[in-house]
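Visitor: Here it is: the structure, laid out below.
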Amino acid sequence: FLLTCKWTLSHCRNVALTHSGLHVMLCLQVNTNGFLSVAEPPAESEYLGKMPAKFGIIAPFLGDLDTSDGIGKVYFRQDNSPDVLQKITEKITQAFPHEGEVEPTHALIVTWENVIAHGVPERGDDLNKKRSTFQLVLMSTELSTYAILLYPKDDLQYYSTLVEGERKPVEVGFSKGLTQGWFSWRSTQGSSLFFLPLRLTNSGRRGVWVYHIGSSTFQSVTPGQVTTVAPEDGAPVQSVTEIPEPTYSEPYFEEYETPDYPPYEPSYTQAGYPLSPRSQQPAQIQPNNPQVVIVEEEEEDLNVNVFSYYETCSTNRHKCSSFAECRDYTSGYCCHCKPGYYGNGKDCVADGKPQRINGKVKGRIFVGSSPTPVEFSNNDLHSYVVANDGRAYVAISTIPASVGPSLQPLSSIGGVIGWAFALEQPGYENGFSVAGGVFTRQTEVTFQPGGEKLTISQEFKGIDEHDHVVVSTHLEGSIPEVPEGATVQIDPYYEIYQYSSNLITSSSTRDYTVTLPDGSTQTLVYLWRQSVSFQSCPHAEGSRSIPPSQQLSVDQVFVMYDSVNQLIRYAMSNKIGSVNGTPQQNPCYTGRHGCDTNAVCRPGQGNQFTCECAAGFRGDGRTCHDIDECIETPQICGAHAVCNNQPGTFRCECIEGFQFASDGHTCVQVDHPINHCERGSHDCDIRERAQCSYTGGSSYICSCLPGFSGDGRSCQDIDECQTDRCNRDAVCYNTQGSFTCQCRPGFHGDGFTCTPESEREKTACEKHRESMLATSSGGYFFFRPRPAVGQYVPICDSYGEYEPTQCHSSAGQCWCVDRNGQEIPGTRTGPGSRPMCLEHSVFPTVFGPTTRPDANLVSPGTNLLFAQSGKIDHIPLDGTNMKKEEAKTVIHVPDQVVIAVAYDCVDKMVYWSDITQPSISRASMQGGQPAAIIIKDLGSPEGIAIDSLSRNLYWTDSILDRIEVSRLDGRHRRVLFDNDLINPRAIVADPANGRLYWADWNRDGPKIETSNMDGTDRIVLVKGDLELPNGLTFDHHSRQLCWADAGTRKVECIDPYTRLRRKIVDGVQYPFAIVSYGRNLYYTDWRRESVVAVDRVAEREVDQFLPQKRSRTYGITTSFPQCPEVNYCSSDNGGCSHLCLPRPGGFTCRCPTLNNGSCVERDQNF
């Protein structure tokens, strides 16, 4: 039978109760979530992440799994054929060599094939999703049952799934009641089954685990007794003595910790069922939830081999590179790169195309006699290889001076990259051609004469979605000290690589010369031993011959420690060829050919050669340009797909609602339930009059909002004024969905209660005015000190409120005030001029179920800009509504991780920060290439703010723990703050009032701070009830500072001047960045992988945009068609020579931190 979707299917069997002679009917439940149970399982929320289970269960791989994409499937069958039972018997006998003869009667075989983790982010081609295949076999005898769990090589590609938004390890085990016989993939105790199941065993065979379940009382579950791996192809017997804990690579900026799971000691108690099949009964479908299940009668020729796993191209083609072809052999399949590409078939790259390698470095190193190690914690490693001449460049960042100079001799930390992409001599292959992009390297370095030892462990993880090779490096041990200021020279050297099945080894002795600062030199030596392990394809070994020994020649070695930028740099030229032969002199083999870096050199006779642009590039070979396949061949990706161009290649992605079929090319419609309310494809009335409520499946209901009547698809306003809702001395005004009451002239009140004007209490403005008029002498001022010429008397409007513009007639000065009469900083003008003050917009109080429309107007031509890893997308706005159908990518930088985004409305430029390089870059929205403006002295720039009026750029750095400012082109950098900062991230500016705001999500003391934009008057604005304030935005119309907190899961706002704070919405999932526009707030959410719109007046979520390519959304901002008003620095940089930094009532001329003496600082007040 074939089982798909989120379903459980019952398989009923007639079984014997041991020693009783009785037979009972037992129904086993096969579940798509990777388990088999003896009772109908409860809802997923009752057992996922909450193991041990409270019902009888055998779980080979339990998690939130998904088979609904048409690729993943679950097969099960009952089998009593002699050949299958014989195979099973052999495995049981091998696992339990001391038990007597096993006489099987029946077997139940369940296979979960190519299942994915439910809810994983989409990364383009669905075939690139990580998939897992595993199998459970239950074999019954007359007296007992055996369970066999099989994990095929290379077919477990993930070890955790998302459960309620959190990453939980996959779990494995047997359970009945509260049996503590349960294990998660992360446990370090209990049965060895639950760690690295592909490599370890209890049956003598890798990936095969056998358990004796026992009699009907289920009192004991005994694991197999053979923990040594049977020899294969003459290999020595391997004993499983230590089981390492698997490691997890979590995405960057993951703010929640990986949950810890308590280990369980294996202890098995009673479970009243034997698993002895007698006869097959008709299948009964037992759904967990109302979704469609497909149950098909098994075809006669479908024979899912118990111990063989679909080793044909028909079911494994997706495991090959898109630049490879799959070939079937007698014993299985293999992947082979197509002409013009090289690799092992699972990873293929174009001939001659430069390669990028990115990764992280961890570990610790003792330097010299120091008792304290230098810690490495996710230091960035970046490498660039010019493949057509074998030149490799490697840089590791954030290397302190205490260890940097001493790392110079270790050029081969990156030397494995040189070997992987070395220039190949005729008949020889570099490391990538042999092993592809997935292999591990273990290295031991012994220094002479001191005997210091360093181990280097490197795991190459293949090619990511940006076509970059990913590597993780771990350093552990000690190295001799190289004094600061000393340089190291490494002469050309050779290494001999010995090749065997799935293993490559080499060793050498290497000399290096240290030149000390005083000019003296010292020649030292170290011993080098390394091994590279990888998985080749065994089925085609006869068709491919790799020389047993190859020589790597390395010359032009360059090493340097850059103390200013804390970088260790290595560079070297690499060639792979014969151990004894003379190197070829053709320029293609020496690398001295002059071909473009994106070209391959084709050798001719003698020293003749030609240059040919690599696949995906066009030109004469001396100069090559990228081919934009998406423009030149618009239909290259087929129907229902979008094409994204990348250097030298392109990527097809199915649009929302579609996914790749098994051929990897055709986009087919996804048979998923659709939430029409969330997607916006419902037929309810507009959201101002009705709401759409999702009811499950693809169903929904429409209902009118309070204040409206109708069927939900057509709603009409209810005129509340027809029912005399207001006071008799008030006038009723009907509004859409609501109404207002306003007392008539001569009366005062809220409209429900009106009293004569003579009886109402005076307003604050009226009391203030009366007190000034009653004062017999001048000198008292409500605002800050001003010239004592006459007396200031406030002006009140017809409602008794403060007029927005207040003036001092004697002094000739005017200024703007807020609703409370407080002066708005930076608005005071001199004689003869009046400031442009915003109206306070005093409206009658609104009553009824909805809030009145906000008074903020939005201008046409505004867009949202938001970041998704290596790109920036834009969404046009129609008012405050997102025009989702017009969303598109405007900037594509696939080698970067874009975090913060900001916009300059003057030059129409978008700015962003990248944490991989790290750098701050910009590009014109009207076209042009991205340009990095700041690349040095950066740690992790996570927040940026643009002052378009003053032409300045502000940013936070969470590694260097400081806030800096510069001109928009990156010149004149100045550190504003470098103290009392732990994790600064979001930053936002209010240039019109000269104020700066930023958030620090320090877990021990999160806070939101503010200062003047010149760095003066720094204060803590918000301290309490904060956890992870990620996003920050300032709305200059309402003067509200708003933030999104991923810890408290709230969106809140505060008036920085009155300190009035209010909650907008709570229960959000994981907000990262936020921006204000009109009455809406827009924030990006990591878990929802979307842009969410919130009405801050109605205090509710109103819309959501889901990008076609689902991944984490980062920074967000708005792009305006016009700029706001000017400030003090807008004209001629305020007369400053370098930095003009505004502040309330004036500005400050500031100098860069590195001042050459040509800059003069001064303050200017107005």
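Cβ atoms are placed via backbone N, Cα and C, with glycine included.
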Visitor: Can you sort out which of C807, C816 is the disulfide partner TrEMBL gives for C814?
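Guide: So the cysteine that TrEMBL bonds to C814 would be C807.
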Visitor: For the repeat 'LDL-receptor class B' (994-1038), could you work out the same-chain residues 6 or more beyond its ends whose Cβ comes under 8 Å from its Cβ atoms?
Guide: 255, 825-826, 838, 856, 943, 945, 947, 950, 952, 954, 956, 963, 965, 976-977, 981-988, 1044-1048, 1054, 1056, 1059, 1061, 1071-1076, 1081, 1083-1084, 1116, 1124, 1127-1128, 1141-1148, 1150
Visitor: Six or more residues out from either end of the repeat 'LDL-receptor class B' (908-950), which same-chain residues have a Cβ under 8 Å from its Cβ atoms?
Guide: 252, 358, 380, 382, 398, 564-565, 865, 867, 872, 890-891, 893, 895-902, 956-960, 966, 968-970, 973, 984-989, 991-992, 996, 998-999, 1013, 1032, 1115, 1119, 1123-1127, 1129-1130, 1133-1134, 1140-1142, 1147
Visitor: What is the number of residues in the repeat 'LDL-receptor class B' (908-950) that are helix, strand and coil, as DSSP sees it?
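Guide: Across the repeat 'LDL-receptor class B' (908-950), the residues distribute as 0 helix, 23 strand, 20 coil.
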Visitor: Which residues in the same chain, at least 6 apart in sequence, have a Cβ under 8 Å from the Cβ of C807 (disulfide bond)?
Guide: I795, Q813, C814, W815, R834
